[in-house]
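Feature annotations, courtesy of Swiss-Prot:
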type	residues	note
BINDING	73, 104, 123, 124, 125, 126, 127, 128	S-adenosyl-L-methionine binding site
């Protein structure tokens, strides 16, 4: 099973890349994390936020593996504890197939893409920089995995 993080945005600061890479390399080979960056659409006077989100959604869809489980990050998504994320990860592994976790652009995710998602999830009630979300998501996935393995990384 592969965890694929599909994130709108590119040219992240080095510390974001390093933070993401640190947690991605900690994952076991059978549960690796891959990042696919989606070039954001430029907003102009003639393009509405809805148009931008639709164009980005088409790029996101093209990056998704066929038949993958889609988890869209959204401010109105389900607020999970780390233990609940560990339970979800266990379920995803049991069901098999890849899981794509989608981080939208500055305007968010297209409503049609969110409707297609198997799950809407939020990392925090706080507004976070999109680059930071990559690092936090990778860390939480590693922490969730560590819970499933009784690894000492996560202490209650």
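Backbone N, Cα and C atoms are what each Cβ position is placed from, and that goes for glycine too.
Sequence features, as recorded in Swiss-Prot, placed on the structure.
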{"residue": "73", "record": "S-adenosyl-L-methionine binding site", "DSSP (3 states)": "strand"}
{"residue": "104", "record": "S-adenosyl-L-methionine binding site", "DSSP (3 states)": "coil"}
{"residue": "123", "record": "S-adenosyl-L-methionine binding site", "DSSP (3 states)": "coil"}
{"residue": "128", "record": "S-adenosyl-L-methionine binding site", "DSSP (3 states)": "coil"}
> What is the Cβ neighbour count of residue 127 (S-adenosyl-L-methionine binding site) at a 10 Å cut-off, with all protein chains included?
Replying inline: 6
>> These are the binding-site residues: 73, 123, 124, 126, 128. Which one scores highest on other Cβ atoms within 10 Å?
In response: 73
> Which residues of the same chain, at least 6 positions away in sequence, have a Cβ lying under 8 Å from the Cβ of residue 125 (S-adenosyl-L-methionine binding site)?
Replying inline: 75, 79
> Near residue 104 (S-adenosyl-L-methionine binding site), which residues of its own chain have a C-beta under 8 A away, given they sit six or more steps off in sequence?
Replying inline: 8, 53, 56, 72, 73, 74
